[in-house]
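**Q** There's a structure below that I have some questions on.
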Amino acid sequence: MPKRTDIRKILVIGSGPIVIGQGAEFDYSGTQACLALREAGYTVVLVNSNPATIMTDTDIADRVYIEPLTLEFVARIIRKERPDALLPTLGGQTGLNLAMQLAKKGVLGECRCEILGTGFDAIERAEDRELFKELCAVTGEPTLPSDVATTVAEAYEKARAIGYPVVLRPAFTLGGTGGGFAENDAELGPLAENALRLSPAGQVLVEKSIKGYKEIEYEVIRDRNDTALAICNMENVDPVGIHTGDSIVVCPSQTLTNKEYHMLRDAALRLIRALGIEGGCNVQFALDPDSFRYYVIEVNPRVSRSSALASKASGYPIARVSALIAVGFTLDEIALANTPASFEPALDYVVTKIARFPFDKFDKASRLLSTQMKATGEVMAVGRTFEESLLKAVRSLEAGANCLRLEKFDAAPDAELWEILRYPTDERLFAIAELLRRGAPVRRICRTTKIDRFFVEKLAGVVSFERELAARPGDLELLRRAKRMGISDGCVGRLWGRSESEIFLLRRENGLLPVYKMIDTCASEFESYVPYFYATYEEENESVVTTRKKIVVIGSGPIRIGQGVEFDYSTVHAIWAIREAGYEAIIINNNPETVSTDYTVSDKLYFEPLTVEDVMNVLALERPDGVVVTLGGQTAINLAARLDALGVPLAGTGCEAIGRAENRGSFEALMERLGIPQPEGRAVTTLEEGLEAANSLGYPVLVRPSFVLGGRAMQIVVCDDDLRRYLSEAVRASEDAPVLVDRYVEGKELEVDAVCDGTDVFIPGIMEHVERTGVHSGDSISVYPTFSVSGAACRTIVDYTVKLGLGIGIKGPFNIQFIVDPQEKVHVIEVNPRSSRTVPFLSKATGINLAGIAARVALGQSLRKQGYETGVAPRRDRWYVKCPVFSFSKIRGADAYLSPEMKSTGEALGCDKTLYRAFYKALKAAGQRVVNYGTVLFTIADRDKERSLPYARRFYELGFNIEATRDTANFLKRHGIRTRLLHKISEGSEEIPDSLRAGHVTYVVNTLGPGCGENPAKDGYRIRRLAVEHNVTIFTSLDTTAVLLDVLEELTVGVSTIDAGRGDADV
């Protein structure tokens, strides 16, 4: 069936800012789909609010709107653009819910805009818990005893009828948001209240719990001719009860019998047909490990996190094919790299996915895993066996482990380890391995964890082999077996008392190097060449090495707080620039969610861990002309010194220049030589040195480790006790680099991204942060162009940027953060000799492709040849505001207080001709509540009371009710602001919790005193957590509060008496 010719223009809705449960996988899927639709001859209009994505580049769609994903804004775009059709299934739950709103409000009908692919009836039947249950009953698919509740009272009633334990599943939410298990009435009440609040439909499914069943997923696809196929199936190593986004997942399944595999495959195909879905679809099953009984858990009628994983695991581009099906193509008409899309993929390898968690940022948060997703990202690894792929995935995590061992568990009591098995955390895999080392029975581990015996026995085999390896150091035959099993050089080195580099050189001397196998969707059954490879220790190498000039780009690995999709943006643009320059562009990365790991982006893709060992294995085969390490964030930069020592040619900024920027002593000497001020500080390696430095500099001081990203372990401390407590953590985080103790300078913070070629330094623009120093730059609202600093300060910033780029010897991208103190003196905080998280934002705000320019400089093309020279680009006549987005509600116990350590998971962009409108759009796009009425709760530290006064008065004059705790209330009353007193929680009062739970509070403004820290016992922490849990907007910086007030005052239409002009005040 040919493509549809009755439609010409298609609107695609993106997924918005990255939050836990909805990540970079939608950038990959959306980019794929937009490009496919354009290739098919359609005009594509894209709306998304996330500036960090490739999807929002002007090269991906014909018209790109970076606007809030709200009914109001998307309706305006539809009325303006008049698209013929809307494709709603590429924007995750956000896009799906928004499309449903547009249909129900009549916007699509008014503008004659039809839905492509999966229709609304199908979406509703899959997403509405009650309708889905009815459909399963009709088709004969078994579902668990369950019932839908719309009130807490109903939830109690349904749970008692079904029988505890139960699981709650809110309708129309993502990442298991609001879900969880309840063993009794006491646990059910607060869970049901939260679930109903978070469900857009106000609906929650109360379902019988089957914790401990196997969780199996099938990724299926169907076209309008009713051709349907299973692209692949995936098995969760962890049982039902842990969200699939947090579980270890293997593909294809490893423990299903042939009967079980086909039974579930047939059920998945029956469901996609019964729902009438046209495109991709994910079906999740719970399978009784002791019988053939199964239950359908849910169906996702859209591309999803699992779709991205299945695409990368199989090589089958699900989003691309789904988009083409939506416009009329059938599977047999869609050509893939080597087969038609109607060919069901075959896999002759094992893929393992492991989630990456943010608990390094939220050390006080609960690590318990349940039905609500907590991971920020994931890694994927490929091997010939489960052991090989698992061990490659473990070392891909960059979580302090290169094997099945966490150092902190070496001395842990058995009871602590068994507790982790009973109540699973992100560290359960390592706890199992440690118990196996101590001789724990496999049977008991299986009984406790409900993990299939197959997987536990595989772990036991690895642990047993490690013992054998340790007993025979230097045995080359054992080394060969170790590499086939997937054991890293670092692990072998530890067991043999040698360094990782020594083991690599030993392997190289003895010809013990991996070969590379192709991921081609057909298990090599047909002649084909797909440039997508993984390493294994076998005989035949399938990666054809060319004689072309080639450049390898090191990717950024799993998405985590501090290193997100922004770095993938830079990686992809660099790859495109390298290919345009005539080089063979090769990428090494391990993140299945990203555009960079789409094998069509580069000339060759190696899906491998980003360790010295795995990178050097690729380089030994390819022998590239250069390796780029300045685009993959701190992951890639941290490899530079060891790659350089092994003789690898670094393209662009070299190892010496990186050292001059990252090494404290070298950097301070350079700053002194250039005459550039920076906050006075010292590099220390012991607690005693730290205390001496802090007392010499004078408190407060900023403590931060070198060579980390996202402000890891960064703190402002105000006394010796604080320093003793925090410095120990910072020293652990520094990984053999000294800890920096700096005098804390308060002022405005600004940021620059620039490119240096050794002769010129080009600066696309200067960004100013709303929040003053003390809040991590990634958590600050960032504005381009600058809005409050003087022209003289900006000229100084340009001057310092030029001097530092040339002085450090940078040849590529770099980022500098500045402080402008109250006397307008400019200080340099730090220089990052690499691409930064603000590159996508600044590139979109200025229209200058910074990553592409930097890549060409790394290849040797000067800035002047590219049409740029020293200086800053002219300012644009629009305002661009980047607003951070947080996922505090997903992490139980995480503190919402903003500090020098980064906590945001994503970002949103607002742009307009006026600054306040841009602020408004940014806040709306970030999901902030922007309303000009209600109640504001103030709990203000003594040092901030004077500063907070004008803000409280402005809220009051807008008509807000003001509530405050005793000291703040008394202060505000003394200054003429009517304030309702609420007693403190620590005084035994429930006034504040009751007010927050009841939804009476619109905003919370809360600041901390010096040294208060993030103490769960303090009232401030408990208020912040209650605000997060009850979806109340909270501000912990007065600077952010000021932005909200500016927006509210701009939006609010005042009222006044008829004679106001004769003296009466406007209201």
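Glycine is treated like the rest: Cβ placed from N, Cα and C.
Straight from TrEMBL, here's the annotation block:
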{"type": "BINDING", "residues": "R129, R169, G175, G176, K208, I210, E215, G241, I242, H243, Q284, E298", "note": "ATP 1 binding site"}
{"type": "BINDING", "residues": "Q284, E298", "note": "Mg(2+) 1 binding site"}
{"type": "BINDING", "residues": "Q284, E298", "note": "Mn(2+) 1 binding site"}
{"type": "BINDING", "residues": "E298, N300", "note": "Mn(2+) 2 binding site"}
{"type": "BINDING", "residues": "E298, N300", "note": "Mg(2+) 2 binding site"}
{"type": "BINDING", "residues": "R704, R743, V745, E749, G774, V775, H776, S777, Q817, E830", "note": "ATP 2 binding site"}
{"type": "BINDING", "residues": "Q817, E830", "note": "Mn(2+) 3 binding site"}
{"type": "BINDING", "residues": "Q817, E830", "note": "Mg(2+) 3 binding site"}
{"type": "BINDING", "residues": "E830, N832", "note": "Mn(2+) 4 binding site"}
{"type": "BINDING", "residues": "E830, N832", "note": "Mg(2+) 4 binding site"}
{"type": "DOMAIN", "residues": "133-327", "note": "domain 'ATP-grasp'"}
{"type": "DOMAIN", "residues": "668-859", "note": "domain 'ATP-grasp'"}
{"type": "DOMAIN", "residues": "928-1067", "note": "domain 'MGS-like'"}
{"type": "REGION", "residues": "1-398", "note": "region 'Carboxyphosphate synthetic domain'"}
{"type": "REGION", "residues": "928-1067", "note": "region 'Allosteric domain'"}
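Set these features in their place in the structure for me.
**A** The Cβ of I242 (ATP 1 binding site) lies under 8 Å from the Cβ of N236, L369, S370, T371, P424, each on the same chain and at least six residues away in sequence.
In the three-state DSSP reading, E298 (Mg(2+) 1 binding site) counts as strand. Within its own chain, E298 (Mg(2+) 1 binding site) has A126, F132, R169, V283, Q284 as residues 6 or more apart in sequence whose C-beta sits under 8 angstroms from its own.
On its own chain, N300 (Mn(2+) 2 binding site) has A126, C281, N282, Q284, S306 as residues at least 6 apart in sequence with a Cβ closer than 8 Å to its own Cβ.
Following the DSSP three-state reduction, the secondary structure of G774 (ATP 2 binding site) is coil. Every protein chain shown contributes to the tally, and the Cβ of G774 (ATP 2 binding site) ends up with 18 other Cβ atoms within 10 Å.
Within 10 Å of the C-beta of Q817 (ATP 2 binding site) there are 20 other C-beta atoms, taking all protein chains into account.
Secondary structure at Q817 (ATP 2 binding site), taken from DSSP and collapsed to helix, strand or coil, is strand.
Sequence-distant contacts (6 or more apart, same chain, Cβ under 8 Å) of N832 (Mn(2+) 4 binding site) comprise A661, F814, N815, I816.
Cβ-based neighbour count (10 Å, all protein chains) for E830 (Mn(2+) 3 binding site) stands at 18.
In the predicted model, residues of the domain 'MGS-like' (928-1067) average a pLDDT of 88.
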**Q** Taking Cα-Cα distance, which of the binding-site residues R129, K208, E215, E830 are within 10 Å of Q817 (ATP 2 binding site)?
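**A** Of R129, K208, E215, E830, within range: E830.
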**Q** So for H776 (ATP 2 binding site), how many other CB atoms are inside 10 Å of its CB?
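**A** Cβ-Cβ neighbours of H776 (ATP 2 binding site) within 10 Å number 22.
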**Q** Look up I242 (ATP 1 binding site) in the DSSP assignment and reduce it to helix, strand or coil.
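**A** Assignment for I242 (ATP 1 binding site) reads coil.
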**Q** Whose Cβ, among the binding-site residues K208, R704, has more other Cβ atoms within 10 Å than any of the rest?
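**A** Buried the deepest by this measure is R704.
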**Q** Which one is it: of the binding-site residues V745, H776, E830, whose Cα lies the shortest distance from the Cα of R129 (ATP 1 binding site)?
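**A** Comparing Cα positions, the closest of these binding-site residues turns out to be H776.
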**Q** Three states by DSSP: which one describes E830 (Mn(2+) 3 binding site)?
**A** strand
**Q** Please identify, among the binding-site residues K208, E215, R704, G774, the one with the smallest Cα-Cα distance to E830 (Mn(2+) 3 binding site).
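**A** When the Cα distances are compared, R704 comes out closest.
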**Q** State the count of C-beta atoms found within 10 angstroms of the C-beta of E215 (ATP 1 binding site), not counting that atom itself.
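**A** By my count, 23.
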**Q** Determine how many residues of the domain 'MGS-like' (928-1067) DSSP places in helix, in strand and in coil.
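**A** DSSP composition of the domain 'MGS-like' (928-1067): 64 helix, 18 strand, 58 coil.
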**Q** With Cβ-Cβ distance below 8 Å and at least 6 positions apart along the chain, what are the contacts of V745 (ATP 2 binding site)? List them in sequence order.
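**A** Listed in sequence order, they are P679, T773, I819, D821, H827.
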